[in-house]
Protein chains: 2
Amino acid sequence: MNPLTTLVEARFDPHYHNKYATLMAAGNGALGVRATHDEAYATQTRGMYLAGLYHRAGEGETTELVNLPDLVGMEIELNGEIFSLLSGELLRYHRELCFASGELTRVVDWRSAQGLRFTITSSRFVSAQRLGAFCSRIAITPHDGSATIRVATGIDATQTNSGRQHLAERELRVFDNRYLQGRYRTLDNHSDVTLCCACQVSPQAQVSFSAKNRRLLQHTQQTIAAGESFTLEKCAWVSATLDGPDDNAAAQSLIRLRECAVAGYDALLAESLQTRRAWWQGARVEVESDREQDQQALDFALYHLHAMTPRHDERSSIAAKGLTGEGYKGHVFWDTEVFLLPFHLHTAPGVARQLLRYRWLNLAGAHRKAARCGWQGALFPWESARSGDEETPEFAAINIRTGLRQKVASAEAEHHLVADIAWAVAAYGQATGDGAFMAQEGRELLEETARFWLSRTQTVNGRLELHDVIGPDEYTEHINNNAYTSYLAHYNVALALDARRRSGGPDDGFITQCEDFLARLFLPMPRQDRVIAQDDTFFSKPTIDLTRYRAQAGSQSVLLDYSRAEVNEMQILKQADVVMLLYMLPWRFDSATVAANLDYYEPRTIHDSSLSKAIHGIVAARCGRNDEAYRFWRAGCDIDLGDAPHSSDDGIHAAAAGAIWLGAVQGFAGIRIEKGELHVTPSLPQHWTRLTFPFCWRGCQLNIAMTHDTLTLITDRAVTLFIDAAAVEIDGRTVFHLTDHGWRKEAICNPTR
Amino acid sequence: MNPLTTLVEARFDPHYHNKYATLMAAGNGALGVRATHDEAYATQTRGMYLAGLYHRAGEGETTELVNLPDLVGMEIELNGEIFSLLSGELLRYHRELCFASGELTRVVDWRSAQGLRFTITSSRFVSAQRLGAFCSRIAITPHDGSATIRVATGIDATQTNSGRQHLAERELRVFDNRYLQGRYRTLDNHSDVTLCCACQVSPQAQVSFSAKNRRLLQHTQQTIAAGESFTLEKCAWVSATLDGPDDNAAAQSLIRLRECAVAGYDALLAESLQTRRAWWQGARVEVESDREQDQQALDFALYHLHAMTPRHDERSSIAAKGLTGEGYKGHVFWDTEVFLLPFHLHTAPGVARQLLRYRWLNLAGAHRKAARCGWQGALFPWESARSGDEETPEFAAINIRTGLRQKVASAEAEHHLVADIAWAVAAYGQATGDGAFMAQEGRELLEETARFWLSRTQTVNGRLELHDVIGPDEYTEHINNNAYTSYLAHYNVALALDARRRSGGPDDGFITQCEDFLARLFLPMPRQDRVIAQDDTFFSKPTIDLTRYRAQAGSQSVLLDYSRAEVNEMQILKQADVVMLLYMLPWRFDSATVAANLDYYEPRTIHDSSLSKAIHGIVAARCGRNDEAYRFWRAGCDIDLGDAPHSSDDGIHAAAAGAIWLGAVQGFAGIRIEKGELHVTPSLPQHWTRLTFPFCWRGCQLNIAMTHDTLTLITDRAVTLFIDAAAVEIDGRTVFHLTDHGWRKEAICNPTR
């Protein structure tokens, strides 16, 4: 494995404060910490989150990921001057996140208003090994004579979610003159939250403690000679009881902290690095590109895929912004199954299993929602948190001009996520062959989601139709027979029928119902030009020139000129919809149909959703349009890594990170699972000369490497896959060459095997 | 009246951010707004408060004055650069609070990092006339070429009390493309809070609105030529329903705002100025001193006495920090009756009446507290808010090292406030002759407080004693027969007995009980050296050298070296106790006793309370020790106006402001009310050449002016007072001269009268 890349912030610019706080956030799937500066800035939002720790601040509010008391902040005074990068003179600024270790380092040379120079180096990380551990370190060196350094840091519970406070302060303590502990409880009395920290400083330093206004602080003061360094090393432990209060949790937390404090920053970092290294071994995508940022984008994506995924807890799933910010309130969407699960499925299938078990464990909530709406089976919530109930607010934020509140349409009618979950279950079953899961959780998920669709139809002239739905394109609401939804629902029911038949259980009518559904469900067929109608009325709507809005993709600027109702009545797509269908069920559409629909819909799509361009890129790649695919893929990378200063303020686009991996693996490497078969059709973009990645398939560990004309597969046991649509059994190392007649297996080139 | 002084902040220094935010706060008795900067600083605490709007954030929390959504904040971008005084180059900085108008003005010349110069002038005030109105204005002038100015401002409900959120957001609206409204409700559903504002900008400016994360903002953008000015004028209206929710309040609030917006900044300021001018006419103390800051201190004190006093609402009283910060949670202490009420009593007696009615209306709570503790009558809460119930937390904040919580002693045993209230009632009756009040509210207050004392005694060898009390000196807790408490209790019961006798009602045993109490209550008598024991055990305790702690008066530094229990066992006073008694009941002690006790106790007093030095000063003045009195008075002025950067962070010391007036009027002018007689004994300090002030007495309006050797009294009707202990009847203008035989009335020098 080549060395991993890093992410560098080379310039201190308050406009980018929240972007970099997001991009450089630390996380281990359980704990996420925004990369805010040690010293506070009024324009920067601090944030620390525990996966699964949600709370609703009160009536009329929405359940949200709790922004925890802050551990990052350090009030720094240098010879009496409050340190801020806004003041004085900034002589050097360098901040760098190491994707390999997860360590964030900042080096600053600063001249105070008094004219004294200091070097301030700080670093921090969240342990990948000990899930509650967060460590930081700061070193301050005066250069122009001795200086008095004062640092105050500890646990600051003035933190809120934009003013919403979720935690009551229960007790603040300092144990053994060293260990600070803050105990909090969510206002609904459901969860206990404990934060502990210890700051190691020189024995020469003066130390005192204070507790006031929800701040428990250690105040450290020391006079340092020129060229010498003040150092402070802070170890912290963060934990919460997610399933009810527990008075023992605080003591446990303190024990964990003591262990960390004894180990110290360097040992904890080394231990964490080892854990991370093992993870990267099984996941990293390496690319040789003439553009440096391609490898960086892949490393960035995988770093965050690691940080956002609660591998430790099957009762939690992946939030739309991971653990990096408060966007979408930390809720779980279909993004998880469609954009994120494939990565885990093919690098750590156990994680994919766990993400599906999250849904399975929440079937009760899905049943409740279906029943409340008058349907049967499992209607999973559009936005899910820990309870499994629908968390989407019933009404959108008030229209500040009219005072009206609109019902939130997605929770009412964006039902395709039910089939998306079934799609993911099937993908899991095909990729792992995990019979035990498929016989229990898998079958139940498939059947219960299918039951929903069976109850969801309307009969029109003898055929079954799905009315009043919303497809992935959220600019077209409350339509009938949305192609995406109907095809996916059909697939869902077919999967459930197949599972039931396999199980050999008696037919309580379910099999008959499924057969009837599959026979009679209306699926919009391609018209003569092969274009499939997005819904019943789509073709009848007018088009407008979208150039301006497409140029500002992601900003929803079209809604400044048109009302939602007006947009609804035009051929304007927020994001991939029929194209998304082509991506999801590729075996259902021939290549001419795929191309025709891509050509028809893409120009009508603004790509205002971060989920859009990446999918277009993969479908373009499958059409052999490499340049176009690469452009889409790059645009997907730029959703977070681009120059826009505020697009990531409230968290990374988790699905977009997943899509960076999808684009490389499903787009350019051409990996496709069709009816349980693994297809590989390499098609690297011009900029790339080599692509390598590990890939799990049916219990075997593949390593796949490709150039423009070779494909090297290494497997730890025999496996069959399809190259150029031809089945090939491989074992050990196998090389294919691209010839005029397609990919051809090389004569045994490694006689030692 | 000579022009009023101003308060100037000449230097921008983040260390003083919160001090000046407090000192320069705006207020009208109903609404208080901290003088924070337009642009946000991480180290500065914004605050806006409505008198009487308290809320408890949850179990285990304390009822506190709610920090309201912010109206002050303006996010300013100048040619794309975020404006902050920390960044760029500050070429000029001047901030000035005009005590006459209450207008705060800031002028800044600033060079951006890009090298462009701007002048930014902003001003604001809270209307003294329209109690919900807060107006601000900003003008930005680019000097080096045209510049794009962006300002975002509105209603920011991310504000909390150090992380405690009291308000749920109910609705955000923009009416008529101009009027922003935020509706909030306290989490206990008791009060509706409405904030409205409108920003007037040039028609050339681009305006849009946003509502996100509890922020409702108007975004204004305009390109301004060099030398031209961008201007924004913001009118706001703040209101709350304090006695239950009311859905009509929001509409009313909007009407009030529209009226203000129509009037505009200048007209509202002129109107407010007129109201303020009338107020100053009846209150201002003018001094000719060789030290400029003396007049400033008096103007500062009176400005804040105006700003802190809820003249509009008898259900509210004066918080210990006024409406300038969150210190002491906005609670009402004995400070109000003893340190603040005299000013009102002698400048606007109706306000004093109202402050006493606040207590009278809260008798139920005082009865509840007495009953809960097993006593009778009215035990007023040590800390009072709106409910009239005890708001002092039962336990102090946890000791962070031991984990133990101590019961809060003041609420348990600091009962002298009961007698202090009676003392204030008597003072009111004597100064106003308000028979109606004294016959109803006054008598009831005197009797119910007396009943408490009657029940509070213990019989020891036939005499009545008051055990387990705390006097004003809070460094000596849980002692028996505290001189201050016993003498005041005795006075309280005597007042009640007198009132009952006057009322001529039948004796239901109360008269007999009072007579017995007065006859048998143990009052510590002066020992041979005339020193009165602070309590039974005081003289038996050791002394230590207090020099170090006295040098750091106000910091409670003695508690860093000794535990509270240890301090309790030494002759260490936090503040005036026996000296306070001398001040309160001067007619009970001859001058030799006063001097002896001052000499004994002052060196044993650290003055760690802001209530201490001023009282020592007045008692010293009464002893004829002018220099000492002046030093104490100046020290009292410096509590807020001195150089200490953080002493006023969480609000002004309201009682200290009251004491600045007390020191001038009761100390140097020698005004003393003894048994219903008004005594004047001028004794100006060396630094002063003239002192003038208005003074209300028994319905007549006196104007009192004095130099070192003349005393001029002007009255609007005939009145008797005592000069040099001799009764003098005066009418119109009367001049006295200091002769070798004392003050002598001048022969009629104004033959026209």
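A Cβ is built for glycine as well, from the same backbone N, Cα and C atoms used for every other residue.
Feature list (source: TrEMBL):
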{"type": "DOMAIN", "residues": "A:9-238", "note": "domain 'Glycoside hydrolase family 65 N-terminal'"}
{"type": "DOMAIN", "residues": "A:299-661", "note": "domain 'Glycoside hydrolase family 65 central catalytic'"}
{"type": "BINDING", "residues": "A:TRP334, A:ASP335, A:LYS574, A:GLN575", "note": "substrate binding site"}
{"type": "ACT_SITE", "residues": "A:GLU474", "note": "active site, proton donor"}
{"type": "DOMAIN", "residues": "A:672-722", "note": "domain 'Glycoside hydrolase family 65 C-terminal'"}
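Structure with TrEMBL features highlighted.
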{"residue": "A:TRP334", "record": "substrate binding site", "DSSP class": "coil"}
{"residue": "A:GLU474", "record": "active site, proton donor", "DSSP class": "coil"}
{"residue": "A:LYS574", "record": "substrate binding site", "DSSP class": "coil"}
- Task: Determine the minimum-neighbour residue: among A:ASP335, A:GLU474, listed as recorded positions, which Cβ has the fewest other Cβ atoms within 10 angstroms?
- Result: A:GLU474
- Item | Largest inter-residue Cα distance among A:TRP334, A:ASP335, A:LYS574, A:GLN575 [record-listed substrate binders, Å] | 16
- In the same chain, outside A:TRP334, A:ASP335, A:LYS574, A:GLN575, whose C-beta lies within 8 angstroms of the Cβ mean position for the substrate site? A:PHE333, A:PRO472, A:GLU474, A:SER609, A:SER610, A:LEU611, A:SER612, A:ALA655
- Determine the Cβ neighbour count for A:TRP334 (substrate binding site): the number of other Cβ atoms within 10 Å of its Cβ. 24
- To the nearest whole angstrom, what is the C-alpha distance linking A:GLN575 (substrate binding site) and A:GLU474 (active site, proton donor)? 8
- Task: Please report the number of other Cβ atoms within 10 Å of the Cβ of A:GLN575 (substrate binding site).
- Result: 23
- At the level of the C-alpha atoms, what whole-angstrom distance separates A:TRP334 (substrate binding site) and A:GLU474 (active site, proton donor)? 14
- Mean pLDDT over the domain 'Glycoside hydrolase family 65 C-terminal' (A:672-722): what is the value? 95
- Note on the structure: Cα-Cα, A:GLU474 (active site, proton donor) versus A:ASP335 (substrate binding site), nearest Å, comes out at 14
- Query: Using DSSP, how many residues of the domain 'Glycoside hydrolase family 65 C-terminal' (A:672-722) fall into helix, strand and coil, respectively?
  - Reply: 0 helix, 37 strand, 14 coil
- Message: Give me the long-range Cβ neighbours of A:LYS574 (substrate binding site): same chain, 6+ apart, Cβ under 8 Å, in sequence order.
- Response: A:ASP473, A:GLU474, A:TYR475, A:GLN556, A:THR605, A:ILE606, A:HIS607, A:ASP608, A:SER609, A:SER612
